[in-house]
Amino acid sequence: MSHESIETLLNANEEWAQSVIKDTSNFFTQTATGQSPKVLWIGCSDSRVPESVITASRPGDIFVHRNIANQFHLNDDSALSVLIYAVKVVGFDSSSNGYTSLTVVLVGHTHCGGAAACLKAAKDAAADTGASQPDIPLTRWLSPLIARVQSLDLSACSESEALDKVVETNIMMQVDNICKSEPITTAWADPNAKKVTVHGWMYDLSRGRIDELVYREAQA
Amino acid sequence: MSHKPIRTLLNANEEWAQSVIKDTPDFFARSATGQKPKILWIGCSDSRVPESVITASKPGDIFVHRNVANQFHLHDDSALSVLTFAIKEIGVEHVVLVGHTNCGGAMACIEAAKDRAANPGLSTPLTRWLSPLTALVQSLDLSACSASEALNKVVEANIIKQVDNICKSEPIITAWADPDAKKVTVHGWMYDLAVGRITKLVVRDAQA
């Protein structure tokens, strides 16, 4: 019975593959020759934010990194590897005249469980100073965001306003981190490098809609 | 010019949201109340392997972690956080580790393994990230393989290895040791992107 969902997934994959072939017989063989996605999406692991579904994208469109609370830590090899790979290795091509460029989108979302966990940890810490957080991967992972939450003045906010504020602040913080990273600073300093822009987006999952919060590019 | 892909994505999002509401008016409102996916997908960042498209899944179905070459390192807080959150907060029942053919990360490791003896090279986040897989490549006997056979062998060995790692992680060991914990099964899958099909390679459960 617990395998029901697995079999459903595998059956759905079979049907999907068949429907794609019926529609575009060489889709998969073409795909196998290489990838040149237009966009790198750094988002949350949350099941409600599957980047390709919510942007109606196809295999080959978006290079993706998803983790708890859409973090980009400057000491995280996982996220840095993805960014390096996107900037330096994969053949991104987002314009018709062959000039290669890369669009990085850092996407946070409403009702983020990771952000909610940080709010709770910050409240617990304030109520019980002296107790430290357990040193486990999830706590370490969220500790930069917890620290940022502790620096915010949420006293006048309702619980849902506070969560929205944390999610938004988080997006700005992660975009800042991305812009400070070596692959981006190098690309922006080099006139011959791939053109890279960085966007901070908020996905409101109660409406299914993405809004752009911030946009960064190389200084002229 | 660099905004073109962005405008396309944002327009597509708008159209998609409208079509969902037309079809199921309360879809998003219900989505906002919580998530209860049964499956955690740990896969590659490769643009050709979007888990929800290739399994025709909807928002809410699959909790996802994607990185270069679908790694699960036992010292990686990113992957460990996802697994911990998925098992303890979300309550997933299945963890699927998905590798795929034509994996660029695996190809890079095959090259690095050839060069390694001769030229240790610079340590970058990417080389560090791929160093366990490069070591795995060096442990395989690929001498009788063509380039494409070697790549398939590496991709497959990688899937098995990452499944092993997942099964040795604290969240899984704890879940499997506790008779009152929710049952969690770990699967290793291969996605052949030349045909769009997933095949099962391995399944692991708590020992009875």
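Just so it is clear, glycine is given a Cβ too, placed from its N, Cα and C backbone atoms.
Quick look at what TrEMBL lists:
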{"type": "BINDING", "residues": "A:CYS44, A:ASP46, A:HIS109, A:CYS112", "note": "Zn(2+) binding site"}
Chain B neighbours, restricted to the binding-site residues A:CYS44, A:ASP46, A:HIS109, A:CYS112, by C-beta under 8 angstroms: A:ASP46
Cβ-Cβ distance under 8 Å to A:CYS44 (Zn(2+) binding site), same chain, at least six residues away: A:ARG66, A:ASN67, A:ILE68, A:ALA69, A:ASN70, A:VAL107, A:GLY108, A:HIS109, A:CYS112, A:GLY114
Reduced DSSP assignment, A:ASP46 (Zn(2+) binding site): coil
Cβ neighbours of A:CYS112 (Zn(2+) binding site) where a neighbour is any other Cβ within 10 Å: 26
Neighbourhood of A:ASP46 (Zn(2+) binding site) by C-beta distance under 8 A, where only residues 6 or more apart in the same chain count: A:HIS109, A:CYS112, A:GLY113
Other C-beta atoms that fall within 10 angstroms of the C-beta of A:HIS109 (Zn(2+) binding site): 23
Cβ-centroid neighbours of Zn(2+) site A:CYS44, A:ASP46, A:HIS109, A:CYS112, 8 Å, sequence order: A:GLY43, A:SER45, A:ARG48, A:VAL49, A:ALA69, A:ASN70, A:GLY108, A:THR110, A:HIS111, A:GLY113, A:GLY114, A:ALA115, A:VAL167, A:TYR203, A:LEU205
